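Asker: Below are the features listed in TrEMBL for this protein:
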type	residues	note
DOMAIN	5-358	domain 'Aminotransferase class V'
BINDING	ALA75, THR76, ASN155, GLN183, SER203, GLY204, HIS205, THR243	pyridoxal 5'-phosphate binding site
MOD_RES	LYS206	N6-(pyridoxal phosphate)lysine
ACT_SITE	CYS328	active site, cysteine persulfide intermediate
BINDING	CYS328	[2Fe-2S] cluster binding site
Amino acid sequence: MKLPIYLDYSATTPVDPRVAEKMMQFLTLDGTFGNPASRSHRFGWQAEEAVDIARNQIAELVGADPREIVFTSGATESDNLAIKGAANFYQKKGKHIITSKTEHKAVLDTCRQLEREGFEVTYLAPQRNGIIDLNELEAAMRDDTILVSIMHVNNEIGVVQDIATIGEMCRARGIIYHVDATQSVGKLPIDLSQLKVDLMSFSGHKIYGPKGIGALYVRRKPRIRIEAQMHGGGHERGMRSGTLPVHQIVGMGEAYRIAKEEMETEMARLRGLRNRLWNGIKDIEEVYLNGDLEQGAPNILNVSFNYVEGESLIMALKDLAVSSGSACTSASLEPSYVLRALGMNDELAHSSIRFSLGRLPLKKRSTTPLIWFVKSIGRLRDLSPTVGNVQAGCGSEQHRMGTSLIGIGIRRIYNGLQRKSNRSL
């Protein structure tokens with residue numbers, strides 16, 4: 001069976017074969033299958049050593065002390081542990097939290113739960129390009145503010161927040177700063193020895209590691225305290241109880257090791273692919289870039305196509321695996337809350353598509369997705385009742401003229417892509 005071209009790497013990534021090979025050594029009797037908490041025999045010692053190696057590999061990628069890395073089941077748990085753990089531990093100092101309206105649901109829903117428990121949360125609206133206005137952030141800070149949670153890279157539109165400056169602002173006010181770095185780790189440089197970040201969430205499966213494993217960075221100097229959310233054997237220095245899944249931890253460590261070696265080259269390659277993809281579709285009429293290419297991650301491109309339902313476009317592009325939003329909200333029929341927060345109307349938000357690029361080569365088939373895409377937009381716009389109404393005279397003269405050019409523009413781009421079908425993106 002012919003598989004679609006995969007352009008949804010922000011949802012998940014395939015496990016790198018080098019990672020899978022490493023993980024297999026920690027599953028069966030022939031390998032290292034022991035419990036790292038079993039310190040009375042060699043099986044446990046070997047497992048503990050493997051966990052320590054992986055912890056060091058993760059720390060090296062992000063410039064942290066290995067003792068600051070706490071293993072979790074994934075970034076969602078890391079976000080919960082960071083936000084609830086810090087809020088509960090420091091609530092005697094204050095009960096005010098600041099975050100943004102475009103954070104991942106793991107952050108937003110955790111904050112809403114804390115609101116039900118008596119905390120007060122300020123949700124900052126971003127600017128039109130998705131970047132937080134730092135003057136508004138500073139104005140929102142109060143004497144009773146104990147925590148700020150602003151992500152590094154947005155999972156839907158790819159914009160990169162200025163976490164260095166935000167960290168400086170928080171440190172100056174004695175406020176704990178948490179960063180969800182799920183979409184940035186291994187794709188952008190992170191040096192926690194220089195950043196004024198106190199808590200940072202990581203994932204395994206967004207960086208060619210296994211699902212079901214993540215980590216939370218918890219700063220030691222100055223020491224940050226969090227209240228455990230899972231209780232049991234006191235694993236991970238009492239911050240997260242539960243038997244450590246050695247094979248998953250080893251896989252995450254290997255994925256982070258590979259990312260450290262290949263990140264610089266991969267960043268340049270992905271940025272080139274993203275820019276070529278945008279250049280291939282930007283001349284279509286009524287197309288809008290969501291986010292900011294200059295202040296964006298190298299692998300994410302989010303675009304809205306007026307008069308086309310994003311879900312309809314995805315259905316039409318059966319040979320192209322893309323997304324109309326984040327994987328965690330894709331089952332919802334509501335338009336993207338991230339795009340709404342940018343001030344976009346529901347109709348345009350519904351027409352958005354997220355392309356997220358990754359390691360799988362596109363060389364020989366790289367122009368094919370663009371041809372399919374442009375052709376599908378033209379076909380769906382021909383079927384759109386909105387376009388029909390405008391062309392029938394239900395809109396302004398200017399709108400009718402703009403809409404009538406859509407088909408001409410799409411045909412021009414489509415024909416050009418056909419002529420370049422043997423070239424790369």
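Glycine too: its Cβ is placed from the backbone N, Cα and C atoms.
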Asker: Which residues, sitting 6 or more apart from GLN183 (pyridoxal 5'-phosphate binding site) on the same chain, put a CB under 8 Å from its CB?
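Answerer: In sequence order, SER10, MET151, HIS152, VAL153, ASN154, ASN155, GLY158, LYS206, ALA297, ILE300 meet the Cβ cut-off.
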Asker: For THR76 (pyridoxal 5'-phosphate binding site), write down the residues of its own chain that are at least 6 apart in sequence and whose Cβ falls under 8 Å from its Cβ; none is a fine answer.
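Answerer: ALA106, GLY214 - these are the non-local Cβ neighbours of THR76 (pyridoxal 5'-phosphate binding site), listed in sequence order.
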Asker: If you count CB neighbours within 10 Å, which one among the recorded positions HIS205, LYS206 has the smallest count?
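Answerer: Sparsest of the recorded positions HIS205, LYS206 by Cβ contacts within 10 Å: HIS205.
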Asker: For a quick check of understanding: among the binding-site residues ASN155, SER203, THR243, which residue's Cβ has the most other Cβ atoms within 10 Å?
Answerer: ASN155
Asker: Quick one: largest C-alpha distance among ALA75, THR76, ASN155, GLN183, SER203, GLY204, HIS205, THR243, binding pyridoxal 5'-phosphate per the record, in angstrom?
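Answerer: Greatest Cα separation within the listed binding residues comes to 30 Å.
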Asker: My understanding is the cutoff is Cβ-Cβ under 8 Å with a sequence separation of 6 or more in the same chain; which residues meet that for ALA75 (pyridoxal 5'-phosphate binding site)?
Answerer: HIS104, ALA106, ASP180, THR182, SER201, PHE202, SER203, LYS206, GLY214
Asker: Using all protein chains in view, find how many other C-beta atoms are within 10 Å of the C-beta of GLY204 (pyridoxal 5'-phosphate binding site).
Answerer: 30
Asker: By the DSSP assignment reduced to helix, strand and coil, which category contains ASN155 (pyridoxal 5'-phosphate binding site)?
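Answerer: Coil, per DSSP.
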